[in-house]
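Now, the feature entries from Swiss-Prot:
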SIGNAL    1-23  signal peptide
BINDING   409, 410, 411, 412, 428, 460, 461, 539, 540, 591, 679  substrate binding site
ACT_SITE  412  active site
């Protein structure tokens, strides 16, 4: 639903401001009537500002949702700010133009347009001169029933392309044009595909503007592509800056630096941004600066051939330090620059490489403003974010050692691959592939979006592999090796997205990704026939190497089955099997398949594992995860060891979806992780500023059991580096009802390892752990002897009412081994993961306790249990590992408003207390 806001604050031409009460008017996205608002518009028009020919309009631009500024009127007519937007009204049979001061070369320019007179034309002007006539025009002509892309100069042989549309006065329509070089693309409404796609070279740069002929039109939400981020308004600017498709374009020339300083003022800060250097120029991020940008620090990238070097400079150009090494840089590489300025320590990271390019101590500038700068040549800035360190990964429910995005969302993990010493993690974020890298699977560094939307559509889930022998032929100029990503192309304009498998590749260790021009689509939708491109479910490709048959195998979800393909060159794929259908279907749609081969421990057998996730369905209490064990034939067919209907659950909790394993692991391990959500409530969790977290990475193995070969999962060994000991039970002891072996220990992120034995007589009927306890809150992880059931009960875990479908009790059968049960429990600020009997049974659940609910206890009911061993480890924060672990009081709420005489109990606990929380503060 579009909303046009009427702010009754109008500026007169004499700069006298008339203030009135605020109001808001909301229109539908299309076919909305203007009649009900006519009286208000008339009232507003009577007080609206008008501009004379060629003069700047004294208008309140804040009343318009626009980042295009500095409007001047040309032609015959008037320009007004109304409660619904910017109104242009021409004299009869005349032209009127509003030309802005905003200049752009390559961009997306768009607006919502309402033509109020049936005979009028309304236009977006772009790449215009000052008078508006040396320009391109994107025109909505109601009388002719067309949208028209034309060169304003007219005449024979110049640009003039039309498309028929249905439009009428008083309705709102969205116009959008993308200009990149000589290519011009026009979009109508919310369509993904352009209705006009043409070439024109007459105008390559210029101003943005608006135009109306023979009547009146309203313009609102007038936007041009620009830098994303959380920067506040600039307080100073020098040099040339303009919006661009790539973000904010800065040009430093003739010895004059381009600088833009924003109002964000911080001392300890994490500052990050993406930038593109043009050739051998230099550009960077200003931090702890004065308002003019003449004092403070600058983290600078300097081009050196096909490399870049990092410098820490003072704002006056004095070099404080330079990186010992240089980093790869291709033409149009989008470099990610991250500055951590904490106290006297300054660290600068580039493109996720570790260690830091610069790590030093300096005391010259303890705090200040932040900004961007280009000191020579052209640079483009995008996604610039300034985060006070006190707020960095400290929000309510923010995980401490699980991967979660700093902002935006994380859903399906994609493209997990190891290559040249780094683990690459991609994940879905709004139909794009977000990207992070790690050297240990624990500590992650963010990189720019790897695979954004493209001409084919959105970029949904998929996988990546390392082509180390140049089997694809894509890496002849990059040392004969590189990375290939296979993704689901989804076009919103076509039936069911016309899902097909696209290809992208990287020749620089995953930092820069290119959509293949020679092989943009490697497998078309299987429903394609004749002119019909196909609308079948066909998504989530996962590619794995099959060494025994010297080939690669791809599995793709088909909704109620999995399609298998094989290839010897990673480009040409042959369908070999369709597995599933019928009795295999027990719940929702099949998605996100994975396929890999593992040895069976203690034998010479090797088996193939096919994993899937299933969408939300009442039969499975929402979404679910399961796997099949079998063989892969030389013909490329998967043969299941078990009959259809035999369900092998990957996870017994309710938040483990779209699991994927890493490709090309150097040590033979099979490691996987998943998105911790459920499709009954995928984005409903009560977090602010970010959505979604991933499970801890887990090593997968196959073992013989009394039921047959089954998959086991254990936390990866790398997690041990985060541990600090809290409690170790030196000898076995009996746990009885009423005794708490964990009394006084508090933590929000920790690990419990326990081995518990049921005696032959007098055994407890139930035992386990109460986790994240406080003020009546707790999550139970326990075992019931009757029925041999391990369980997680989160009914009192904290916030649970964000969805009616959020289930609270999860159980799994687990028989004791030698009368013993092993539990390994990993607790974080908003999750609990439980591994029973060395990972034979696994639970993954999210929880949302109050921050102060940090207690823990051991309990037993109806008898006794022998505590053979018990260890508790605090787990270090992976994003703030360098901060001092000083004791602090954690409250259950940060802000509270009370009426006079009202009272409310507050709860608190100690974090990082003496004895790791066991001894108080």
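Glycine is no exception: its Cβ is also placed from the backbone N, Cα and C atoms.
Since the structure is predicted, the reported quantities are computational estimates derived from the model, not experimental observations.
Features recorded in Swiss-Prot, as mapped to the structure shown.
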residue: 409; record: substrate binding site; DSSP class: strand
residue: 428; record: substrate binding site; DSSP class: strand
residue: 461; record: substrate binding site; DSSP class: strand
residue: 540; record: substrate binding site; DSSP class: strand
residue: 679; record: substrate binding site; DSSP class: coil
| query | Other than its own, how many Cβ atoms are within 10 Å of the Cβ belonging to residue 411 (substrate binding site)? | reply | 22
| When the number of other CB atoms within 10 A of each residue's CB is tallied over all shown chains, which of the recorded positions 412, 540 has the maximum? | 540
| query | Which residues does residue 679 (substrate binding site) neighbour through Cβ under 8 Å, counting only same-chain ones at least six apart? | reply | 588, 615, 616, 622, 623, 657
| note | Greatest Cα separation in angstrom, residues 409, 410, 411, 412, 428, 460, 461, 539, 540, 591, 679 binding substrate per the record, works out to 20
| request: Looking only at C-alpha atoms, tell me how far residue 540 (substrate binding site) is from the residue listed as 'active site', rounded to the nearest Å. | output: 10
| request: Using all protein chains in view, find how many other C-beta atoms are within 10 Å of the C-beta of residue 461 (substrate binding site). | output: 27
| query | Are there residues of the same chain, six or more positions away from residue 428 (substrate binding site), whose CB falls under 8 angstroms from its CB, and which are they? | reply | 409, 410, 411, 412, 414, 434, 460, 461
| said: Neighbour count, 10 Å Cβ-Cβ cut-off, for residue 409 (substrate binding site): what number do you get? | reply: 18
